[in-house]
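As annotated by TrEMBL, active site, tele-phosphohistidine intermediate applies to 214. The active site, proton donor/acceptor annotation in TrEMBL covers 283. Look at TrEMBL and you will find 213, 214, 215, 216, 217, 218, 219, 220, 263 tagged as substrate binding site. The domain '6-phosphofructo-2-kinase' annotation in TrEMBL covers 1-206.
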């Protein structure tokens with residue numbers, strides 16, 4: 001990772017690790033801030049990050065190399081992706097990382113820089129995550145924010161964004177203002193391709209997602225599974241109540257996603273917002289059990305009924 005504090009680096013690192021692990025690639029995040037906290041009993045405040053603080057610089061350099069060494073050991077022991085979560089804001093530091101990881105050990109390296117100049121996004125990042133940072137656990141919110149802003153200023157004084165000329169041999173990705181613009185340079189291999197695609201489609205600022213089941217359908221009333229029936233009278237009433245609730249929330253830039261099933265489209269039909277249909281949201285087809293009641297399934301296919309009843313989420 002590359003970037004100033006409060007630019008969403010740790011959020012991106014954690015989301016990326018979760019995605020890659022889910023995709024079957026053993027991945028681990030190595031947060032240099034955690035290494036620093038383990039090396040120090042108490043957080044000394046923003047002065048620790050001053051360029052002229054020799055003791056602070058020595059500790060920062062040591063824990064950065066400790067974390068990088070753990071990345072190397074993780075990869076050597078079967079890990080596939082190590083996410084090195086640190087600021088890495090100087091060309092000198094990035095050259096050192098490249099020398100160790102690529103030139104000396106032969107691994108592939110992909111820098112991900114988060115660049116943000118939008119005050120509202122930076123402020124939201126600070127308030128959302130940094131005030132709960134272990135560094136500030138015993139500090140009032142106002143004092144924590146003040147100290148953290150000074151820390152950012154110290155980083156700004158020596159920040160060097162990835163240079164597309166001086167660092168043109170590096171593989172890297174730049175994310176501007178939480179995804180407003182993305183630059184990908186010298187992407188190599190399948191994993192970097194998946195990483196770039198994934199990061200083009202995530203958000204580093206908080207947002208709300210409202211989930212609702214569809215209203216009662218005719219098949220629900222009959223006790224039958226699957227199918228593509230309309231809403232029942234009760235379901236239509238739920239659709240109206242749902243729209244009333246959503247309107248009361250005054251949600252800006254609301255978008256509604258539904259499956260292609262009639263019951264979900266009808267459930268959202270009264271909501272005044274742009275709507276999209278996604279086949280991926282369709283209910284999994286029940287195969288030979290489509291349209292049957294639970295009693296009929298239990299009678300005709302007792303083994304399948306028991307397996308589905310035991311773990312409906314993973315049953316196939």
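The backbone N, Cα and C atoms fix where each Cβ goes, glycine too.
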If we count other C-beta atoms within 10 Å, could you say which of the recorded positions 213, 214, 219, 263 has the fewest?
213
Around the recorded substrate site (213, 214, 215, 216, 217, 218, 219, 220, 263), other residues with Cβ within 8 Å of the Cβ centre, ordered by sequence, are 221, 229, 231, 232, 235, 267
Distance between residue 219 (substrate binding site) and the residue listed as 'active site, proton donor/acceptor' at the Cα atoms, whole Å?
14
So, three-state DSSP: helix, strand or coil for residue 283 (active site, proton donor/acceptor)?
coil
Let me know how many other Cβ atoms fall within 10 Å of the Cβ of residue 217 (substrate binding site).
23
For the recorded positions 215, 283, the one whose C-beta sees the most other C-beta atoms within 10 angstroms:
215
Extent of the substrate binding site in Å [max Cα distance among 213, 214, 215, 216, 217, 218, 219, 220, 263]
15
What does DSSP assign residue 214 (active site, tele-phosphohistidine intermediate), in three states?
coil
